[in-house]
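> I have a structure here, written as structure tokens, and I will follow up with some questions on it.
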Amino acid sequence: MAKTLYEKLFDAHVVYEAQNETPLLYIDRHLVHEVTSPQAFDGLRAHGRQVRQPGKTFATMDHNVSTQTKDINASGEMARIQMQELIKNCKEFGVELYDLNHPYQGIVHVMGPEQGVTLPGMTIVCGDSHTATHGAFGALAFGIGTSEVEHVLATQTLKQGRAKTMKIDVQGKAAPGITAKDIVLAIIGKTGSAGGTGHVVEFCGEAIRDLSMEGRMTLCNMAIEMGAKAGLVAPDETTFNYVRGRLHAPKGKDFDDAVAYWKTLKTDDGATFDTVVTLQAAEIAPQVTWGTNPGQVISVTDNIPDPASFSDPVERASAEKALAYMGLKSGIPLTDVAIDKVFIGSCTNSRIEDLRAAAEIAKGRKVAPGVQALVVPGSGPVKAQAEAEGLDKIFIEAGFEWRLPGCSMCLAMNNDRLNPGERCASTSNRNFEGRQGRGGRTHLVSPAMAAAAAVTGHFADIRNLK
């Protein structure tokens, strides 16, 4: 029987499935950070349990960390406690921790792939909703809650029901300058922010195959923003070349044997999906969100939509509420909207290719008066590579702030946040009310588009920048 990639991954990890019961899955990798793990470790301690597979569990600090100093006290009392608890718990339970002083420290979904912790064919979980990022490797990766974190720590297994399947086919080639971020925002614009609910999404088509691994990670990172459980891209030579030689990747003959298996991880001819969505890559322009969910998105050349143009009454009401919160008037060109802050970073867009794209726009230009622009590399290795390439100097010379790795302004859990009413062009993944700070107004864009907003002071079409 022909199977989808998701069905192959799921079935390969079923440990036990009783009749009319939820299947029990084996978990290959468990990624841990400081926010969703303290209660889970406390639960182990309370019941006298150990971490079942400490060698398959990897921890880092990212959500709460300061991006201006490596001082654990810099982000406030709650953050300090969470980070100290992680240090204590990892030491007690034998889990490898990339703490603030470790060269590999960074955002969990950047650190995993770059260290070869993430490999094709795996099941990967983390107490974080953007765990879908790792699906770019052809791994079944999804976020879990703190009680599930405890269960995986204790058993290396998790009960999971089967999801429905969705194929998103992005046909043809994308135009020059169109990035994975533009593609995924255009997809969510078409499906809506709940269009993938109950599904695992597989991204297919020529435009997807053309993406680098970093682009594919951006794509899968935002699968959750269309309501999907996880996102997948089938592994290919691009995947194998990225993984080869990384710290935790197989070596020598083991790697060759792994690749032989990984090549079987693709949807069979004749396999059927519950839902199929098709887009033409050539029609995708640079994207900018205008509202308070990622599905409220338009091309940079468009005008802010009129709520009356939405036939669905729920969408119309949502648009009215979003425009009021965002302080926008329908009908005005998006390029007339001025910004106060720019954030280039997050688990969506803080890898080396993202920073190169932003630096290309920033080079020889200056951040517009009155705009604060932050560039936050996703990890220690990304920061080191960017500095070796001189990208930090380009940003600093242009007036951007060059920061230490961390989740930063993606979410208001550290010192990097918006003040009420401030408008931000952000490369992150969520534009919900208050996501970047109470009363903050978030517009999601690609790294190049964020840099363009920084130097012009408003949203600008990168295709027209001279």
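Glycine residues also receive a Cβ, built from the backbone N, Cα and C atoms like all the rest.
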> Of CYS347, CYS424, which one shares the [4Fe-4S] cluster site with CYS407, CYS410 in Swiss-Prot?
CYS347
> Other than its own, how many Cβ atoms are within 10 Å of the Cβ belonging to CYS410 ([4Fe-4S] cluster binding site)?
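There are 29 of them.
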> Fewest neighbouring Cβ atoms within 10 Å: which of the binding-site residues CYS347, CYS407?
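The binding-site residues CYS347, CYS407 were compared, and CYS347 has the fewest Cβ atoms within 10 Å.
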> Taking the recorded [4Fe-4S] cluster site as CYS347, CYS407, CYS410, identify the other residues of that chain whose CB atom sits within 8 Å of the mean position of the site's CB atoms, giving them in sequence order.
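Apart from the listed residues, the neighbours are ASP62, HIS63, ILE107, HIS109, HIS130, GLY345, SER346, THR348, SER350, GLY406, SER408, LEU411, SER428, ASN429.
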